[in-house]
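One structure is given here, and the rest of the page talks about it.
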């Protein structure tokens, strides 16, 4: 939790309380349903919460922004981002119902009114979004195929509407069909060794490819 406060010093008291509650909530749920790797649960704030918040170092979401989190799993990156940006709407989806039930319970416990969670495939989602976020659920070409018709036409941010993707390693081959993609090294923001090879990838997408 100290790392969150270090890198995001302007949190309100409510946000601090919400972030503090995450550990007990996920410890409790993980004992019932394995939504987070057993070896990672003790490093929840670094490997899941702070990792999710790396997106916020690239783009601060304006009020009224609509964000889709594809393959959210236990609620990452969506839940931490929803705490940080209470005036942004987040739609968290996954194909596994038990994970969505955990996300719904966590959002309810934190009283996150800006979160909707649903079991649904990305291809079947209705609506248009400013940004689509995810944590390495598949390779980028396949991911773009899932969500390419779900981007809003009007931009309200410095970054163009599109994908903000958390992934690591050498992405040269994976991104070769996306010349406007840009990689941001998370290690430039967070010093922990865990982030040494981790990146946020921004892929701008035109409306209705």
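Yeah, the Cβs are placed from backbone N, Cα and C, and that goes for glycine too.
Worth saying up front: this structure is predicted, and the values here are computed from it rather than measured.
According to Swiss-Prot, the S-adenosyl-L-methionine binding site annotation covers 71, 76, 122, 123, 135. If you take the C-beta of residue 123 (S-adenosyl-L-methionine binding site) and look for same-chain residues 6 or more apart in sequence within under 8 angstroms, you find 146. When secondary structure is read from DSSP and collapsed to three states, residue 123 (S-adenosyl-L-methionine binding site) falls in the helix class.
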Excluding its own, the Cβ atoms lying within 10 Å of the Cβ of residue 135 (S-adenosyl-L-methionine binding site) add up to 20
Long-range same-chain neighbours of residue 122 (S-adenosyl-L-methionine binding site), Cβ under 8 Å, sequence gap at least 6? 68, 70, 71, 93, 146, 147
Just name the winner among 71, 76 (the binding-site residues) by count of other CB atoms within 10 A of its CB. 76
